[in-house]
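Working notes, structure below.
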Amino acid sequence: MRERDGHRAVLPKRIILVRHGESQGNNDPAAYDTTPDPKIQLTTQGIAQARHAGARMRHLIAGGGSTNWRVYFYVSPYARTRSTLREIGRSFSRKRVIGVREECRIREQDFGNFQVQEHMNVIKETRQRFGRFFYRFPEGESAADVFDRVSSFLESLWRDVDMNRLNHDPSDDLNLIIVSHGLASRVFMMKWFKWTVEQFELLRNFENGEFRVLQLGSGGEYSLAVHHADEELLEWGLSPDMIADQKWRACANKGEWNDRCSWYLDSFFDPLPDSDDDNVDKLDETNSLTVHS
């Protein structure tokens, strides 16, 4: 908690990422032939999924031991996410909702304009061979492009919190709920937890109406392991090393470095020497061999 311009910046207790309910495009991909992606609506099943997600999130938040809690929503501008938010909102009273902001940077990956399915099937097969993260759809985006705009959104989110733009009473637990799409939500976690491209490509997509909870741990770091069990994390594609890091984060002090996290350092190098002297000796030996050859 910090003082800034007379305000106390209080970290959100939870950041909840939720995917929209089943859409007409999920149910029948031919819908994209004639309907622009941003205008695709929820199905009846999708409305029910969104409403159920809202009830589950309220149960999670209200059951956390505090009676003083509030929620703030960020939502993608697409019709299916806006409708999902509307159904989620049925589980919260007006006094619990601080506000909502439509945020274009958490929209769906752009696949082009109208998506003719025969053509898209060929393109998606090519994406599988090329790699899901870097493949850019013709007239659209790659997951790397989505990563860039989601990273920009994250910077804005922290300025909102740090400068108290959300008008949040610091005596209340703050819960941020981000209503978005499957890929944007996975990219959000990739950026947050510093996952590699290889780790991202192992992640399973969110189901419709499914959510992930990044919860503040005892030391001030966010972790999936505070709320979610190991079995869930494995099911979602996290490796044992990634799960171990989540468990470490659940208890770590804010700003600490996890020396046992291989993808922060060790995975990028061959084993490094323990001291500068060892390294110099090896370099001298290598250089000597090179000169005499």
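Each residue, glycine too, has its Cβ placed from N, Cα and C.
What TrEMBL records for this protein:
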- His20: active site, tele-phosphohistidine intermediate (ACT_SITE)
- Glu108: active site, proton donor/acceptor (ACT_SITE)
- Arg19, His20, Gly21, Glu22, Ser23, Gln24, Gly25, Asn26, Arg80: substrate binding site (BINDING)
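Just so you know, the Cβ of Glu108 (active site, proton donor/acceptor) picks up 23 other Cβ atoms within 10 Å once every protein chain is counted. The C-beta environment of Gly21 (substrate binding site), restricted to residues of the same chain at least 6 apart in sequence and closer than 8 Å, consists of Leu42, Thr43, Gln45, Gly46, Ile47, Ala48, Gln49, Ala50, Ala53, Arg80, Ser83, Thr84, Glu87, Asn208, Gly209. When the recorded positions Arg19, His20 are compared by the number of other CB atoms within 10 angstroms of each CB, Arg19 has the fewest.
Excluding Arg19, His20, Gly21, Glu22, Ser23, Gln24, Gly25, Asn26, Arg80 themselves, the residues of that chain whose CB lies within 8 A of the CB mean position for the substrate site are, in sequence, Asn27, Ile40, Leu42, Thr43, Gly46, Thr84, Asn208. The Cβ of Ser23 (substrate binding site) has 25 other Cβ atoms within 10 Å, all protein chains considered.
Neighbours of Gly25 (substrate binding site), defined as other CB atoms within 10 A of its CB across all chains, total 18. Looking at Gly25 (substrate binding site) and the residue listed as 'active site, proton donor/acceptor', their Cα atoms lie 13 Å from each other. Cα-Cα distance from Glu108 (active site, proton donor/acceptor) to Arg19 (substrate binding site): 10 Å (rounded to the nearest whole number). If you draw a 10 Å sphere around the CB of Arg80 (substrate binding site), it holds 29 other CB atoms from the protein chains shown.
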